[in-house]
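Engineer: Let me begin by handing over the structure; questions about it come next.
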Amino acid sequence: MTALVLALVFWIAAWGCNIWLANSRWRDTRAVRIIVPVLFGVTLLVLWEGIVQGLDVSQVILPPPSLVAQTFATSLDILWTDFVQTVVKGAFRGFAIGAVAAFLCAIAIDRSAFLTRGLLPIGNFLAALPIVGVAPIMVNWFGFDWQSKAAVVVVMVFFPILVNTVQGLKSSEAMQRDLMRTYAASYTQTLFKLRLPAAMPFIFNGLKIATTLALIGAIVAEYFGSPTRGMGFRISTAVGSLSIDLVWAEIAVAAMVGTSAYGVMAWIERRVTFWHPSHRN
Amino acid sequence: MRNLLPILTVLGGILVLWYLSVAPMNIRVALDQAERAGADIVPEGSVERRAVPAWRLMADNRDHVRAGYQLDRPRLPTPAQVGQELWKTTGEMALNGRAWSKRSLIYHAWITLHSTLWGFALGTAVGILGAVAIVYSRVADMSLMPWAIISQTIPIVALAPMIIVVSSQLGVEGRGLPKAIISAYLCFFPVLVGMVKGLRAPETSQLDLLKTYDANGWQSFFKLRLPASLPFLFTSLKVGVAAALVGTIVGELPTGAISGLGARILIGDQFGTPLAIWSALFAAAILAGLLVTLLDLVQRLALGRMGARA
């Protein structure tokens, strides 16, 4: 019971601290902007630990974060092989192929206004569909190893990136295009100097959406058959044998991969679109 | 309607591509079947053919290419086959009065729709409440917003099998609730982001005007912020309902569910009936289209009544 009480005390203290910080005169400093959400996250973990320990929740239902961290540390080799199989081989390759294909397709389609008008609604619709459902079909076509996972990822990331790129290529203003014409700029020059840079915020938006989709696709495809490694494989077998702490360790890996992939994308975006109003101070 | 012709052209192009790729995709299965039936195939034997590219097989066995379009268990079914299967499991069964049979896609679509709507309601409620908290409280803004973004970079599917195991151990009957939780998880984010934007949409001068009227917090919320946020709300609801459907189907896929469109995909995979997978996929697409269209109609009606210009 003491664990629960301690956790509750910590919660109230952290809450008070956050309220004080958010209304203090340092509230717009960078440090406070980082400390407040981090404190919130830590509080969630402490509460979780306190509730599990204090109320004696069975480990089969919800293991405490400390146990998950322990499992994480002791099964690093398993987690690493799964990471390589699912993320590096499946998700990353699929993401690269899908993104390049969608990008090239978008540039090709963009030359025809007619095709663009037809493709945008269809692409938008397809991007909203539960495309993960093609996972069993791809496993059937490309076999159990990473190729089928990459194929699912390609299909999943293709449409969001395609739609965003096409929309981005249309986003330069008529005035700017006219200016390029008065410079006697060719199609390629206009594309590389004006329209692609103008499209970058849209393209990165699509890429950021696609990072999460890529992970989802690679993991779900493993539920339909995989070699005896991979995050999806491990999760489904570990759930079957009720080693829930290992499942949570895999989830922690997935969360770290997802968040850092998103972070890397956002970082590159800031480098590439430094001129965009949302990044200027 | 200006876009109708281009859309039809693109759809037509997709159909043509689809029909063209059926032949190379199915040629091996078709040749295996023809050989078993006693036909002469070049080269003989399924194992020898594995090394030969599909176009060679098609060129050498021209008479059997057609058979690839009529297989019972094709690697890639034709659009017509998928359409027939869809009609057989929906319209035809409904006409025979068996719309709610366990073999009917209408029944499975209903199960999926049920969870989707619960997840949608739950996700929308969480999203709106979260947005109100974020707009009105600095602490919530600073602590919740980053985590809302991080939550969407975590692949929920990793959690799906576990949510189902845990809820069954906690004594929750059936799979409705865990599926709804997964779909709410995917659905709340677009609503949250849209509503934060919407509730912050009123300009300072408008807020100031209400202050000169001596309006209290409730009044300025219900008379200004909420109405101003409705266009944003509807846009994000349309994204949210599609996300909720994705969530439900993801919740059905890896968990050994027996009813629902995701379960049909799973069962089609286990029994090796590709037509069942394809028709379930298309049923899901149709369901998503219907939900989004419905919300679009509600949006037009609501915004029209509020005097927004179309």
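A Cβ is built for glycine as well, from the same backbone N, Cα and C atoms used for every other residue.
Annotation source TrEMBL lists transmembrane segment at B:7-27, B:117-136, B:148-168, B:180-199, B:230-251, B:275-298. As annotated by TrEMBL, domain 'ABC transmembrane type-1' applies to B:109-299.
Structural setting of the listed features?
Structural biologist: Listed by sequence, the residues of this chain that lie at least six past the ends of the transmembrane segment (B:7-27) yet keep a Cβ under 8 A from its Cβ atoms are 54-55, 57-58, 61, 64-65, 68-69, 71, 74-79.
Long-range contacts of the transmembrane segment (B:148-168) within the same chain: residues 130, 175, 177-178, 181-182, 185-186, 189, 192-193, 247, 250-251, 253-255, each at least 6 residues beyond the stretch ends and with a Cβ under 8 Å from a Cβ of the stretch.
When Cβ-Cβ distances below 8 Å are used as the criterion, the transmembrane segment (B:275-298) is approached by residues 73-74, 77, 81-82, 85-86, 89-90, 105, 108-109, 112-113, 116, 234, 237-238, 241-242, 245, 249, 261-262, 264-265, 267-269 of the same chain, each at least six residues removed from its ends.
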